[in-house]
Amino acid sequence: MTRQAEQVLSLEGLTKAYPGVLACDDISFSIGRGEIHALLGENGAGKSTLVKMIYGLVAPDSGRMTLEGRPFAPPEPRAARAAGVAMVFQHFSLFDALSVAENIALGMEEAPPPRRLAARIREVSELYGLPLDPARTVGTLSAGERQRVEIVRCLLQEPRLLIMDEPTSVLTPQEVEILFETLRRLAQDGTAILYISHKLEEIRALCDSATILRRGQVVATCTPAETTAREMAEMMVGASFAAVERAPRATGEVVLEARGLSAPAPGAFGTPLRDISFSLRAGEVLGLGGVAGNGQDELLAALAGERPSPRGMLFLDGQDIGRLGPQTRRAQGLATAPEERLGHAAAPEMSLTENGLLTAAQSRGLLRRGFIDWPGARRFAEAVISRFDVRTPGPQAAARALSGGNLQKFVIGREIAQRPRVLAVNQPTWGVDAAAAAAIRQALLDMAAQGAAILVISQDLDELFEVADRFGALVGGRLSEIRPMAELSLERVGLMMGGAHDMEVAHVG
Amino acid sequence: MIALEKRPQPSRLWRAATPLLAVALTMLAGGVMFAALGADPVEAIRVIFWDPLFDPDFAAYSRPQLLVKAGPLILIAIGLAIGFRSGVWNIGAEGQYIMGAICGAGAALALYPAETRAILPLAVLAGALGGWAWGMIPALLKVRFGTNEILVSLMLVYVAESILASVSSGLLQNPEGMGFPGSRNLAQWDAAANRELIAGTGMHWGVLTAFVAVIAAYVLMSRHILGFQLRLSGEAPRAARFAGVVPGRVVVICFAISGALAGMAGFFEVAGPAGQISIDFGSFYGFTAIIVAFLGRLHPVGILLAGLLMALTYIGGELAQLMLGLPAAAIQLFQGMLLFFLLATDVFVNYRLRLGRREAA
């Protein structure tokens, strides 16, 4: 066989411009049969645009693609699927009320009769170690199992190329191991896999080769197993950056305490909070891990005061704050930063000055009898921008004009600049580039060193290992026992996050 | 091939230019429509936009009418715009306007024929309360039961119209009116009349109130924390909740402001230009004010200008009916086009047009 035939997909000079940005600039690389190829880059590096071109969602401005030696230019995803390209998206597109088999049938061009389909699903899922019961209702599945549904849906098409977009962000470490086993087995059978992630250790463990994108261009290729995570990170960022340093610090009095905090689920797809108890001391960082959708948003909303809690559940300095609104809690020194930057932590169409005012109006004395001190608000926004190195033309820029990482720096910086005594953050570095993430983590640790109490809710375990003193896991709206981080291994953390329980359920099918 | 491309930032130029462009396009399309109706389009446009202000025969009558018509439009639109910017959709200002007129006139007539200066302010207050109370119905239903305020407020317009028909031949009917439906004429009763303040200008208490409302709304929305919180609720409801804004409170405040202003406008109208409560008191000011609010970009100063422009099309439209025999429906269509073109050209604030071939795949 010629070398050409060994290549499943090859890209030559793919270019796509959007107004004001060159999303992909002359990108060329190829993926061979049975190769697991990592596509690595920060947010906005062009990964998703590139994948959209391969999957037929976006047409390239110029450049050529070949799939198995034939020219490949899918006008729409259906054509890409027909040509043998399958994709598992980061966000699932499943109907909760339908069964696994029904969901899979919906995604197929010509679904076989239900009984044959169920048999095929069992067959494929057993073959690749993805136990799945076709009759189960999707609403009852865990995130890991839902991902299996998506993967099995792709495998039924017998794809030549499988694209995985950030597949592990919703998985426990144990589930990640199972996924990797499956992907390796697929690769052995000759399927080419394009694996998109920014989790460097995973890429080192799994991938045969890696293409690194920065600002729309291929800046490097490497063999992940022979490259350190730090080297890859620096290639991604294009510069070296300081590692996070932890200063030794003393913990003080308990400032924030939850005693059996419970709340019903907000709406049909929320998670109820069940009997959550923890205490947070001054100078301490408490990390709460967990797979997405296990009560993180609800817990932060309860702490922020967006949803009031019954008496006797939440205490700040021993005083019951359950019934207090967000502004009063902030005035008493409890600041929060939710996960969703645009639309929740910040108003997209409003300027940074206005977004600064959003939480700082009272604590920074920006109101006089209800009238806004706009020059003062602008000075506050400017101070946050310069202290946290937010890249923006100025405080008049609309929040939505900032990149995700820069807005995250502004949103976290806005809270830190108000010097709260307690800061609760959810996913503080989600979608933020490595250098900015390091800066945010450092700022959180510095705050703790100065005596603030910090609660970090995160799905990124590496982050929690880096900053947290103690660790607890959120599972189904409950909080596990809280343990000192130094005593915990990654496996132990995974078990706390409910991985063990999850696998037992999976094998029933 | 023509393609729309999203702009990285909304265009300030287009934001200012779209109302002017919309007016120009309305004149163009309106001209075509008038031509189809058999009128000379240039003359029709002149009769609508120019003659009411400058024609030697009509201007003396129609120039004061400009403020008389613009006053209620501006007053109502200011209230509506505060709600629209907060994401609260009060479509029923017409009903609040009618109920304000009924309550204001009713309060005044209860004291008939007293002659004290307290009656006018008292009646204005009663009018505001009437509009406020009518606005509270959709607001509280939304807060309590999550009903859709657009539907409820709109349907309450028809309820208000039925109440209007009932009281004008019942509760508020003029006992000396020889059985004709309609109340006593408030404009002819000194204590309650909403007089022209400066002769020959059309300026009455309602117009003055509208100007004050423009300034107050400007200060509220751009300088006060309440205005900031209202805007925040409109832009990003979740961010507003995060900032401690209670969503239900926003709904109640917006309906309270817009209802009270519409109610006041109703009373000023009944005590001045209209004179009495009658079956045909409803004037569609409440609906036209929605167009005025959007034409003015929901900004107080813009609404002031848009209100004057819309008033001009009203007066000019009447003149065109009179002079050119154009049907009343054609004038309403003309006003509708204005909103249509405004919304259509609005696309260019956030998008730009790109001409040329679609790039090869």
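The backbone N, Cα and C atoms fix where each Cβ goes, glycine too.
Under the heading transmembrane segment, TrEMBL lists B:68-88, B:95-112, B:118-141, B:150-172, B:203-221, B:242-268, B:274-296, B:303-324, B:330-349.
For the transmembrane segment (B:95-112), the partner stretch with the highest count of Cβ pairs under 8 angstroms, out of B:150-172, B:203-221, B:242-268, B:303-324, is B:242-268. Fewer than three CB pairs closer than 8 A are found between the transmembrane segment (B:68-88) and the transmembrane segment (B:150-172), and contact between the two stretches is not assigned (pairs 6 or more residues apart). The transmembrane segment (B:274-296) makes contact with the transmembrane segment (B:150-172), as judged by at least three Cβ pairs under 8 Å among residues 6 or more apart in sequence.
Note on the transmembrane segment (B:303-324): residues 19, 23, 34, 39, 43-44, 47-49, 51-53, 58, 62, 65-71, 73-74, 77-78, 81, 210-211, 214, 288, 291-293, 295-296, 331, 334-335, 338 of its chain, located 6 or more positions outside it, place their CB under 8 angstroms from a CB of the stretch. Among residues of the same chain six or more beyond the transmembrane segment (B:118-141), those with a C-beta under 8 A of the stretch's C-beta atoms are 90, 92, 95-97, 99-108, 111, 147, 149, 152-153, 156, 160, 191-194, 205, 251-252, 254-256, 258-268, 271.
Sequence-distant contacts of the transmembrane segment (B:150-172) (same chain, at least 6 residues past either end, Cβ-Cβ under 8 Å): 89-92, 94-96, 98-99, 101-102, 105-106, 109, 134-135, 137-138, 141-142, 181-183, 255, 277-279, 281-282, 286. Sequence-distant contacts of the transmembrane segment (B:242-268) (same chain, six or more residues past either end, CB-CB distance under 8 Å): 71-72, 75-76, 78-80, 82-83, 86-88, 90, 93-94, 96-105, 123-124, 126-136, 138-140, 142-143, 149, 153, 194, 204-206, 209-210, 213, 226, 229-230, 232-233, 285-286, 289.
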